[in-house]
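Novice: What Swiss-Prot shows for this protein is this:
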{"type": "MOD_RES", "residues": "5", "note": "N6-methyllysine"}
{"type": "MOD_RES", "residues": "10", "note": "N6-methyllysine"}
{"type": "MOD_RES", "residues": "10", "note": "N6-acetyllysine"}
{"type": "MOD_RES", "residues": "11", "note": "phosphoserine"}
{"type": "MOD_RES", "residues": "12", "note": "phosphothreonine"}
{"type": "MOD_RES", "residues": "15", "note": "N6-acetyllysine"}
{"type": "MOD_RES", "residues": "19", "note": "N6-acetyllysine"}
{"type": "MOD_RES", "residues": "24", "note": "N6-acetyllysine"}
{"type": "MOD_RES", "residues": "28", "note": "N6-methyllysine"}
{"type": "MOD_RES", "residues": "28", "note": "N6-acetyllysine"}
{"type": "MOD_RES", "residues": "36", "note": "N6-methyllysine"}
{"type": "MOD_RES", "residues": "37", "note": "N6-methyllysine"}
{"type": "REGION", "residues": "1-40", "note": "region 'Disordered'"}
{"type": "SITE", "residues": "5", "note": "site 'Not N6-acetylated'"}
{"type": "SITE", "residues": "15", "note": "site 'Not N6-methylated'"}
{"type": "SITE", "residues": "19", "note": "site 'Not N6-methylated'"}
{"type": "SITE", "residues": "24", "note": "site 'Not N6-methylated'"}
{"type": "SITE", "residues": "36", "note": "site 'Not N6-acetylated'"}
{"type": "SITE", "residues": "37", "note": "site 'Not N6-acetylated'"}
């Protein structure tokens, strides 16, 4: 059927508004006794806000004590009773976080290249292989 162009027509009044029926009025009030639903942002809004927040910030994202325990645990395999200066642990943490951020940036690019927005283990493997870290 062919499309026809619609022209504006002048309104000639229309019907008067009717009174609400009792059933409609009862339906509009919440039946749960006025319990308000908690506000939820649309999917992705909070994620984008977090991305902007963490891109602006420079503080360390991994907690200091768990990272320190991990460093000491790994160092135990090489030599027992090793001591660390506090600045040494902070330097290791800075380097580790910088490495991880770079790896996740490359991983995200791999996912985007595959026309996806979700990163997968195969993206991390590809990013490391391209970097020459893993054959």
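The backbone N, Cα and C atoms fix where each Cβ goes, glycine too.
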Novice: Non-local Cβ contacts of residue 5 (N6-methyllysine) (under 8 Å, 6 or more apart, same chain)?
Specialist: none
Novice: Test of understanding: give the count of other CB atoms lying within 10 angstroms of the CB of residue 37 (N6-methyllysine).
Specialist: 7
Novice: Counting every protein chain present, what is the number of Cβ atoms, excluding its own, within 10 Å of the Cβ of residue 36 (N6-methyllysine)?
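Specialist: There are 7 of them.
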